[in-house]
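Peer 1: My questions will all concern the structure given below.
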């Protein structure tokens, strides 16, 4: 009777924990595919195979940790009730138990191995494969600049749109005046750096997060398998407007990307010319100063 009184609450607790896990896992599919949602539970749906693996690994760890937590909690509750001084006035004088000691050593080792295998697989998969194209992302206070060295040196800045500049359907604090455009099913290498302080180029739906250091090039990559517009943000505190430097990536079909490249060469030509003129002025000023 006493054992039933102990086990019934534990069974209810286990059911609650399992329900929470299932709700958390369901949250992955309920979120909007391209952007975060208020009160969202779980990750954004994966737009790359890498993020799909990360999500699966996270779900696996959530279930594993829940089982371990419930087991340990249940064991502690059972021991406190079954072996307290009132219920067990004559305590055991056992000093050790070889079998139990072997079990509680071997089982944690096996659990760690089960966790390590998919973890190391993810780690090795982060190595950049042969890329189809390269983009350079440079962090500034407080916006991002982009260059396409493989496509005629296209270059532009991407600044956050203010609320009065937003078009219908564009999310607040996440939309930029110029989007990074990439073709679907294409391996894109992203070279990440910064011009002033440390920033971080993060795109949750792609499973990408890379620090941007001044004077240093870091490298990451992604291969988006779904078309759409995806949003990220700078993920390193970088000053007063840190939360106002979003990242906006538009994944399109390859034909549409080719058309965009031709349009961008014309649209951003003035940007290149302005940068060239600014560099000339800076060089002239340095010569005068010297």
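Each residue, glycine too, has its Cβ placed from N, Cα and C.
Since we're looking at a predicted model, the values are computed, not measured.
According to TrEMBL, the signal peptide annotation covers 1-33. The domain 'Cytochrome oxidase subunit II transmembrane region profile' annotation in TrEMBL covers 35-130. Residues annotated as transmembrane segment in TrEMBL: 60-81, 102-124. Residues or ranges marked as domain 'Cytochrome oxidase subunit II copper A binding' in TrEMBL: 130-263.
On this model, are these features tucked inside or out on the surface, and what's nearby?
Peer 2: Confidence in the domain 'Cytochrome oxidase subunit II copper A binding' (130-263), given as mean pLDDT, stands at 95.
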Peer 1: Take the domain 'Cytochrome oxidase subunit II transmembrane region profile' (35-130) and count its residues per DSSP category (helix H/G/I, strand E/B, coil), listing them in that order.
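Peer 2: The counts are 62 helix, 1 strand, 33 coil.
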